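Comments concern the structure below.
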Amino acid sequence: MGDTASVSEHHESPTVTIVPLHRSHALVAEQQLFQWLKRFKLLMEVYHGLVWQLACTLTVCLLAWLAFPDVQGQCANGIVPALSSIVPVSTLAMLRGFAEFRPHTTNFAHLTVACLLINTGITVCTGFCGERRVIGLSFALVMVFFVLCSGLTYLAGNNPTRWKVIGIGYGWSVIVFYLLLYFSPVLWVSKIYSGLYVLVVTAASAVLIYETLDLIYQRGTLSKNSVCVSVVLYTIVMSLLNMSVAIFSGHVWVQQYAEKHGGRIDGVSLLSLL
């Protein structure tokens with residue numbers, strides 16, 4: 001009996017701490033609130049950086065265009081039409097390459113300055129080649145596109161059903177647009193440029209949706225870098241803006257090219273103006 005009592009003294013039952021249910025709910029709610037505030041702060045930093053970069057670019061462009069109002073519209077034989085489509089897309093590819101393969105050794109502040117200088121310079125040149133009303137229309141359409149695409153991304157989120165509805169609706173809209181464009185009485189050159197614009201918008205939508213979903217749900221380490229995300233979104237906007245101006249001004253450049261070459265223009269010449 002004595003041995004049994006001594007054993008029972010040494011083997012005490014473990015203590016169990018019971019957390020009240022209301023306290024556990026409070027801890028979970030506190031953690032969720034902290035995560036939401038952290039994500040909201042990141043979103044504000046990203047879009048603040050985007051607005052700042054767009055404001056800098058547009059200010060420089062307006063000053064350059066107003067300082068030289070007579071330099072306008074004669075670019076059919078130059079390289080600006082091609083560069084206006086190639087350079088912004090190349091900077092976007094460069095950004096994604098650095099972000100994916102060299103995220104820890106890349107100074108994104110320096111990369112932001114480089115992208116600002118490159119995209120601002122090519123936008124100034126594109127503005128000298130395009131008409132002012134075309135630039136204004138392109139910028140308005142790009143802003144509407146950006147707000148609409150971002151809003152749909154926040155609305156759909158990770159819900160596959162919502163994305164399926166959006167995809168089906170957009171697909172049918174594109175089909176109807178191409179049918180109307182095919183049977184419309186406009187010139188074939190305008191049909192080509194209009195069809196290309198739909199493809200450009202579709203590609204830009206896919207890239208913007210992908211980047212916005214990364215930002216919302218922070219699916220990778222790069223999405224937590226506000227400087228990197230803001231410059232990527234800025235480059236998407238500038239790519240679409242420059243390509244919109246190039247496409248909307250394409251028929252004017254084709255006409256200028258034809259006038260300088262005796263009314264002759266072939267498919268290779270047309271592609272060189274894209």
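Along the chain as shown, residues are numbered 1 onward.
Glycine residues also receive a Cβ, built from the backbone N, Cα and C atoms like all the rest.
Counting same-chain residues at least six beyond the ends of the transmembrane segment (49-69), those with a Cβ under 8 angstroms from any Cβ of the stretch are 112, 116, 119-120, 123-124, 127-128, 132, 139, 226-227, 230-231, 233-234, 237-238. The transmembrane segment annotation in Swiss-Prot covers 49-69 (among others) and is backed by sequence analysis.
The transmembrane segment annotation in Swiss-Prot covers 75-95 (among others).
Sequence annotations record features per position, and here Swiss-Prot assigns transmembrane segment to 108-128 (among others). Using a Cβ-Cβ cut-off under 8 Å and counting only residues 6 or more beyond its ends in the same chain, the transmembrane segment (108-128) has close neighbours at 49, 53, 56-57, 60-61, 64-65, 68, 71-72, 75, 80, 83-84, 87-88, 91, 95, 98, 135, 225, 227-228, 230-231, 234-235, 238, 241-242, 245-246.
Per Swiss-Prot, the feature transmembrane segment maps to 134-154 (among others).
Within the chain carrying the transmembrane segment (168-188), a Cβ under 8 angstroms from the stretch's Cβ atoms is held by residues 194-195, 198, 202, 205, 251, all 6 or more beyond its ends. Summarising the annotation, Swiss-Prot assigns transmembrane segment to 168-188 (among others).
Annotation source Swiss-Prot lists transmembrane segment at 196-216 (among others), citing sequence analysis.
Residues or ranges marked as transmembrane segment in Swiss-Prot (evidence: sequence analysis): 228-248 (among others).
Packing against the transmembrane segment (134-154) from elsewhere in the chain are residues 58, 126-127, 166, 201, 204-205, 208-209, 212-213, 216, 237, 240-241, 244-245, 248-249: each is 6 or more residues past its ends and has a CB under 8 Å from a CB in it.
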